[in-house]
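Enquirer: Taken from TrEMBL, the feature transmembrane segment covers 6-25, 61-79, 100-120, 185-203, 223-245. Under the heading region 'Disordered', TrEMBL lists 259-282.
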Amino acid sequence: MLAEFGTSLCCYASTFLLCHVLRFFLRRTLPRASYPYAAEFVDTFLMICCLYENGMVLKLGLLPFALCLLTLSIVYAFLFEGFANPAVVLDYVIRRKVSFVAAVVLVLLELIAAVCAYRYTTFVWKTFAPSSRHYQAATVEMLAENCSCGLNVSPLIGFALEMSSVAFLKLVAGYYHGGRRFWRIFNGVVSVVIIIFGLEYTGAPMNPILGFASGWGCKDHWFPSHLFVYWLGPFLGISIGDWVVEHFMDVDGGKMSVTSAGEHKEQNGTVLEENGNHEKIQ
């Protein structure tokens, strides 16, 4: 088990290194106005490559899976420069913080990054075969006729679970538990607990692009239910959570009052991230 876990850690590290090099190169070659779009692609690509590796770690047990999720959640919060979440992008359009044209481009880049991450992961796992588990996944388990979309309940229940999970995470983030030093860790722990609870019901992606990457095209996939559960659910969850945080939460004292947590976040340039449910405020 330790050898297999070590192999997965090496896969994580190689992907992070690749994306770091890409960021370094793109930041220095692209115009400043274009770089955020490149960052959106790289962040989404990294997150989805790690999503596939998470599936390998889950086979080793819940403890290593939870540790990897928590670590990734904290690292994402420090490294991500984009949204990597179509639901957040759409929410920003509704709140007039992102233009419609920019949102379309961002979501398209996220979808392209998801496809590229799938192709890259299966190519690396088949070609270099980090382990027998990786090779088996790339050649059999990840093929459309063999994979599963992860929805093991009715679409209505799945929708309710995704929406409520995302809304709860936004409310937790709005309170800033743990202060400036530890809020990322606290949010990460909460998101890991929710993911582990939701694995057997929806897979708990809580992010449309993660739902797309993990289940699109699988044998039990149905397009309307996919959009309803994995796209509409997180979008409404983020919108509800943002509305409550911005209108009723005092993030400094944790009291219910008509103050704007959103204004507080904007003033401090805060980046919130819960298992890829990433929000960047500038």
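Using the three backbone atoms N, Cα and C, a Cβ is placed for every residue, glycine included.
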Enquirer: Between the stretches 6-25, 100-120, 185-203, which one has more Cβ pairs under 8 Å with the transmembrane segment (61-79) than any other?
Expert: 185-203
Enquirer: State the non-local partners of the transmembrane segment (6-25) in its own chain: residues 6+ outside its ends, Cβ under 8 Å from one of its Cβ atoms.
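Expert: Answer is 39, 42-43, 45-46, 49-50, 53, 56-57, 60, 68, 72, 75, 81, 130-131, 134.
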